[in-house]
Ligand SMILES: NCc1[nH]cc(CCC(=O)O)c1CC(=O)O
């Protein structure tokens, strides 16, 4: 008799499941940004549930490795260990920066909430902060730091003269490369700077036409075990969900990794959803755009429509030769 009895199975499920009364345990990477944004989400989830919360810090390969992000290669360097902690029952929820999360569904887990989005734009942070030089004002050959192939391509497209340096580390150390005088400017996501209260460092919020940003940038993704989404669903935002499902579907259909020189921005305007997707050559000399829109409906099918729009734009990019750039 090797089969579990019903009692044994029920007991096993109970021990893995969230204790309904104790604190809601919420997993996060250990960086200051990750803990800050996780706490922001946790406070709202816990308030809606009428329960306390506890933040569980999980160290991930992406945090430990000093290698360039683009050389780490594999997708989801930040996500894997968080998901292992979730499946192991060390926490009930994990909070991801959506742009770092691969598009493939993780077995046994689902994305329960996409909260309201922060500013999705990239920020140029020059010496002098708010009073510093904008991207077109930087002197010829100025040193600009970024570790993102997309940001490199977008910078080179408008300023091929710039001297671009690879950049890693947390937000403070990246900004420190400018205050130390080592670099003239760095590019960071506005969202991270806002969450950390460092908008003083922003010189220019880069426009989305020339600097389209990563799928899901500025949005968190809250993941739970399958069937346990209710606790996080209280902070799901309908427009965020529509936009990021569309943007991530472009990435999924292109089959490109999170470091591809791809910018995608989807916006919900009233009852219309609009999206622009752009692929760049690494040197910024070539760019392919696809754009489209759909009317939204009030029912659940509208989320599938948002994804269909993303898939359509990706196929258009491919038919125009995007695979030669990716
Ligand atoms: N790849 C790193 C990363 N992942 C998420 C953010 C913050 C912004 C966001 O949540 O989209 C950042 C930092 C950055 O790009 O400057």
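Just so it is clear, glycine is given a Cβ too, placed from its N, Cα and C backbone atoms.
Note that the structure is a prediction, hence the values are computed from the model and not measured.
Positions annotated as region 'Disordered' by TrEMBL: 1-24.
What TrEMBL records for 24-231 is domain 'Porphobilinogen deaminase N-terminal'. Here the domain 'Porphobilinogen deaminase N-terminal' (24-231) has a mean pLDDT of 93 out of 100.
If you look up TrEMBL, you'll see 242-318 marked as domain 'Porphobilinogen deaminase C-terminal'.
Marked as S-(dipyrrolylmethanemethyl)cysteine by TrEMBL: 258.
In terms of DSSP secondary structure, the domain 'Porphobilinogen deaminase C-terminal' (242-318) contains 31 helix, 26 strand, 20 coil.
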